[in-house]
């Protein structure tokens, strides 16, 4: 039986170079290593992990996209302090790359030098972080009903970022994000613009341009442009107190809003000439209200953008207190009378009690006095030295 013929050279090369694709899981071949694809943000750290079940007394090796060996087992092969050994065993080789740059992106190869050589690929994707957006095109100040166009731009994103617009909490419909490749050929510059009509409610509002990108992991990266809108003033008159009465002090406040803020106020009363007051103060003072002050008053607030007029009708009410109703009056009188009757009743009770006690004492003393005192006739007889019934009786009046 003849010797077996040698395998063709192309087939040998194919067997020697066969490997598992990136992110492969363990296969039925126990000597086949496996890895996983990784995504890392520029400036971050990535860990490359290669594992094998049966090493066949051979060491694992990591090499970069340029096929430079990084580690062979626990031995460093490339002098790059960013690359460090994490774990080295016969069944695993893990390394880390810190401060990852866009140039580090690509396919990394894990190899085990068995017969044939087996390899596994790990695709490392590096995300470019978009720069803080810049807003241009704002022309200050804007006037009410003007149309404004703002432009937003952000560079350095990979893949290309998305731009959105908001006015306060309101979403603005900007144009579709435009994408342009940066000179480095790896990152992108994105831009967008938005056009809207302004109103007086937009004065002081923030127009916000935000970048949406997976490298930010939900973090906010936005720029705000505060806009100023010039508009004509508005005016309203507020009385203090709200319901003035005759004899009271009254202030009429001319409350106004505008940009610029009104600086001149003209007070007038219909049917009265000339104007009552023209000054920078917002209030009209009535030190002591009279019924003759009743009427319609107007306040005109003026700024560089125009003027606005407000009116207030003043009705001066009588200062006398409100009359009580008959039922209320009768109730008050009835209450007073009931109180007086109650006091008299209390007084009579005490007086009766007092008289009863002292009358008993007086009668007792009177009875004792009548038993002990001599009779009147006896007193007269004794005074004469005779007996009762004598004809020579004399009367003495004591």
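Placed from the backbone N, Cα and C atoms, the Cβ positions cover glycine too.
Residue ranges 329-356, 357-384 are listed, and TrEMBL annotates 329-356 among them as transmembrane segment. Summarising model confidence by region, the domain 'Ig-like' (130-228) averages a pLDDT of 95.
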